Amino acid sequence: MPVMPDQWIKSKALESRMIEPFVSSKISTGVISYGLSSYGYDARVSNKFKIFTNLAVSQVDPKNFDESMLIERTGDFCIIPPNSFALGCTIEYFRVPRGVIVICLGKSTYARCGIIVNVTPLEPEWEGHVTLEFSNTTPLPAKIYSNEGVCQMIFLKGSTNCDVSYKDAKGKYMGQAGITLPIVK
């Protein structure tokens, strides 16, 4: 399962709209870097966030998710309370080709500050804005910068195409826009 290089990512982004908007070079001056890299693409977080709070709910239940436990924030940055969690989404809209799976890894700049970015793999033929999960593992408030890099997408090409893609399976997060909360069907 080879890791796909920059020229492949650029070609797919420009010809097949795999990533929109697409930044064809690494932008790093004065910001947490984003854009095309040697073997991946550093995605940006939008300016919309949902931060968890314990004011109205005593537990998180993925099968019965209560939106009242979230506070919405829009702005140039997001402050995540100590030992807490926030959701965001990518600026970029991704369209994953059928023979490819995408693994998302957090950027080391945030990891070195105790901020962990988690995303499950982007399945073959999935498309949408990626919902990002941020964990602040520190005892201090942590800052996430909008419109800057937060994670790197690594594109892995399968030896053959899968029999059933995310689109074929009518996956529940297909075509998501903005921050998408848990769905259990």
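Count begins at 1; order follows the chain as displayed.
Glycine residues also receive a Cβ, built from the backbone N, Cα and C atoms like all the rest.
Worth saying up front: this structure is predicted, and the values here are computed from it rather than measured.
Marked as active site, proton donor/acceptor by Swiss-Prot on the basis of sequence analysis: Glu133. Marked as dCTP binding site by Swiss-Prot: Lys107, Ser108, Thr109, Tyr110, Ala111, Arg112, Thr131, Leu132, Glu133, Gln152, Tyr166, Gln176.
On the backbone, the CA of Lys107 (dCTP binding site) and the CA of the residue listed as 'active site, proton donor/acceptor' stand 13 Å apart. Residue annotation for dCTP gives Lys107, Ser108, Thr109, Tyr110, Ala111, Arg112, Thr131, Leu132, Glu133, Gln152, Tyr166, Gln176. The furthest Cα pair among them is separated by 33 Å. The number of other Cβ atoms within 10 Å of the Cβ belonging to Tyr166 (dCTP binding site), over all protein chains shown, comes to 21. Long-range Cβ neighbours of Thr109 (dCTP binding site) (same chain, at least 6 residues apart, Cβ-Cβ under 8 Å): Ile32, Ser33, Gly149.
Spacing of Ala111 (dCTP binding site) relative to the residue listed as 'active site, proton donor/acceptor' is 13 Å (Cα to Cα, whole number). Around the Cβ of Lys107 (dCTP binding site), a 10 Å sphere holds 19 further Cβ atoms from the protein chains shown. The residue listed as 'active site, proton donor/acceptor' and Tyr166 (dCTP binding site) are 21 Å apart (CA-CA, integer value). In the three-state DSSP scheme, Thr109 (dCTP binding site) falls into the helix class.
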